[in-house]
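Step one of this worksheet: look at the structure below.
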């Protein structure tokens, strides 16, 4: 690549006024390129002294941070839903256990009542003396 082609990489020394004033008084030889802080065709990001690679890296890092935040929010919401479901299932389990116990008590009470009705004069061996 030749340094004299249109669209070739440009140097930007904005923000370095002392260097810019030195370079403006002594023009560089025609074959030597100017010093560059970035490689590009002179777009906006080069004027800010940020190379396009650094710009893309910072944009990518920012998008990655945002994505990580969204991911953590989704995980938090999912965990909260699971915890809510666990609480509901524990409550249902306790309710079913109570119902089961009440059914067992009712069945035992009914069985005991039927035993009393079927043999009301039943005596034990100790009372027969």
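Glycine too: its Cβ is placed from the backbone N, Cα and C atoms.
Here is what TrEMBL records for this protein:
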COMPBIAS  53-69  compositional bias 'Basic and acidic residues'
COMPBIAS  109-118  compositional bias 'Polar residues'
COMPBIAS  119-129  compositional bias 'Basic residues'
DOMAIN    54-99  domain 'BZIP'
REGION    22-77  region 'Disordered'
REGION    108-129  region 'Disordered'
Taking all residues of the domain 'BZIP' (54-99) together, what is their mean pLDDT? 96
Mind checking how the compositional bias 'Basic and acidic residues' (53-69) divides into helix, strand and coil residues in DSSP? 17 helix, 0 strand, 0 coil
